[in-house]
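Following: one structure in structure tokens, then a few remarks.
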Amino acid sequence: MAKPSAKKVKNRRKVRRTVAGALALTIGLSGAGILATAITPDAQVATAQRDDQALISEGKDLYDVACITCHGVNLQGVEDRGPSLVGVGEGAVYFQVHSGRMPILRNEAQAERKAPRYTEAQTLAIAAYVAANGGGPGLVYNEDGTLAMEELRGENYDGQITSADVARGGDLFRLNCASCHNFTGRGGALSSGKYAPNLDAANEQEIYQAMLTGPQNMPKFSDRQLSADEKKDIIAFIKSTKETPSPGGYSLGSLGPVAEGLFMWVFGILVLVAAAMWIGSRS
């Protein structure tokens, strides 16, 4: 059998090299395409990232106007003015700003609740900026991305507060909260001009974040001390005491027979004294 000529062998090798090169190029381009697809965010994610950056930028602008004097350029705090905000998280900012306690009017024993200066959207922007510079406890959101409110009314909330959640929440509230806020969340006096506020005006997210972050004189309740579901049950109890109707009229702080008995005793004594004085003046 005749051996192929050197020219034919050379041509075959050239064809093989060409085919191998084309195959390698195809594999390389395909791999690069797959890798690019894997690491490049889709349009939805990229849009979300841009939205987050826009929110943080808006929050920084608001911070520079309202907060920088007391909390510093880098959120590090200013001596005798305001504490560091590094690591406090979205939750603490939402509670303080949304409840109107911040910006504070003047330094005193305790910041009072007042009408908020900023809208909820602006509050969330400031919270996003602070969280972007140190992290910390976050807000609670629903699956659709909206801020959780009524959804925090108990572990088993389904549009209505359940009696089981209220019962558990009541036990937890009396154990952990009643010593300061009294048995129905109406507040009470503390030492050195401080006080535990009435909880009627607080929304569900504010109450949740107050338990989580421990603002001002309040202790922190981490998820190890009170789980997320236990916090929700406490909120269910607080909201149930506010919204429970009072068939007898004015609830007298919802303190029960002690307050009602005291009122009737004082009122009755006054009526008797007035009647005695009237009888005396007629004789």
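The first residue you see is number 1, and the count goes up from there.
Glycine residues also receive a Cβ, built from the backbone N, Cα and C atoms like all the rest.
As annotated by Swiss-Prot, heme c 1 binding site applies to Cys67, Cys70, His71. Counting every protein chain shown, the number of other Cβ atoms lying within 10 Å of the Cβ of His71 (heme c 1 binding site) is 23.
Annotated heme c 2 binding site per Swiss-Prot: Cys177, Cys180, His181, in sequence order, evidence recorded as a curator's inference. Shown in sequence order, Gly185, Ile234 are the residues of the chain, 6+ apart in sequence, with a C-beta less than 8 angstroms from the C-beta of Cys177 (heme c 2 binding site).
Feature annotation from Swiss-Prot assigns domain 'Cytochrome c 1' to 54-134. Taking H, G and I as helix, E and B as strand and the rest as coil, DSSP gives the domain 'Cytochrome c 1' (54-134) the counts 39 helix, 2 strand, 40 coil.
The domain 'Cytochrome c 2' annotation in Swiss-Prot covers 164-242. Model confidence over the domain 'Cytochrome c 2' (164-242) is summarised by a mean pLDDT of 93.
Under the heading transmembrane segment, Swiss-Prot lists 19-39 (among others), citing sequence analysis as support.
Annotation comment: Swiss-Prot describes 261-281 (among others) as transmembrane segment.
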* Count the Cβ atoms, other than its own, that fall within 10 Å of the Cβ of Cys67 (heme c 1 binding site), considering every protein chain shown. => 21
* Asked: For the domain 'Cytochrome c 2' (164-242), what does DSSP give as the number of helix, strand and coil residues?
  -> 42 helix, 4 strand, 33 coil
* Structure fact -> Residues lining the heme c 1 site besides Cys67, Cys70, His71 (CB within 8 A of their CB center) are Tyr63, Ala66, Ile68, Thr69, Gly72, Leu75, Gly77, Val78, Arg81, Gly82, Leu85, Pro103
* Asked: Roughly how many angstrom lie between the C-alpha atoms of His181 (heme c 2 binding site) and Cys70 (heme c 1 binding site)?
  -> 29
* With a radius of 8 angstroms around the mean position of the C-beta atoms of Cys177, Cys180, His181, what other residues of the same chain does the heme c 2 site pick up? -> Phe173, Asn176, Ala178, Ser179, Asn182, Gly185, Gly187, Gly188, Ala196
